[in-house]
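What Swiss-Prot annotates here:
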DOMAIN    19-137  domain 'MARVEL'
TRANSMEM  25-45  transmembrane segment
TRANSMEM  48-68  transmembrane segment
TRANSMEM  85-105  transmembrane segment
CARBOHYD  ASN108  N-linked glycosylation site
TRANSMEM  112-132  transmembrane segment
Amino acid sequence: MADSERLTAPGCWAACTSFSRTRKGFLLFAEIILCLVILICFSTSTSGYSFLSVIEMIFAAIFFVVYMCDLHTKIQIINWPWSDFFRTLVAAILYLITSIVVLVERGNGSKIAAGALGLCAAGLFGYDAYITFPLRQQRHTAAPTDPADGPV
């Protein structure tokens, strides 16, 4: 039993980690790391703003695991492209608002760093929303140019 698990484990691990090399995988990983850094900066200065970083880090980690393990093809009751688009769009808007409020308040160095990193996170989430937009990914087929009824 242990030998069969050992033989299938590298294949499973390779399948799971191959997602992290894609553009979407890299973006989700960067979102998780950036949310963690912003959380650390907010927790040292003002803990009231850390809720956004915690929630977005959890959501990004959930989507990372779902896409990494290919669960989005197995769980089809959820429309994953639209869910991911709305997650990133809401995160970009909330990070933009929160960062502007934090930078206007002017606090200590870690609060200013969190505000500046929040603006970077808003840009990252906005870019992720742009590339995730489901209607942008649909390909339109060209209309037929030949007459269907024959020569006129």
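The backbone N, Cα and C atoms fix where each Cβ goes, glycine too.
Beyond the ends of the transmembrane segment (25-45), by six or more residues, the same chain brings 19, 53-54, 56-57, 60-61, 63-64, 67-68, 91, 107-108, 110-111, 113-114, 117-118, 120-121, 124-125, 127-128, 131 to within a C-beta distance below 8 angstroms of the stretch. The Cβ neighbour count for ASN108 (N-linked glycosylation site), using a 10 Å radius over every protein chain in view, is 10. Across the domain 'MARVEL' (19-137), the model assigns an average pLDDT of 88. Per DSSP, the domain 'MARVEL' (19-137) is made up of 106 helix, 0 strand, 13 coil.
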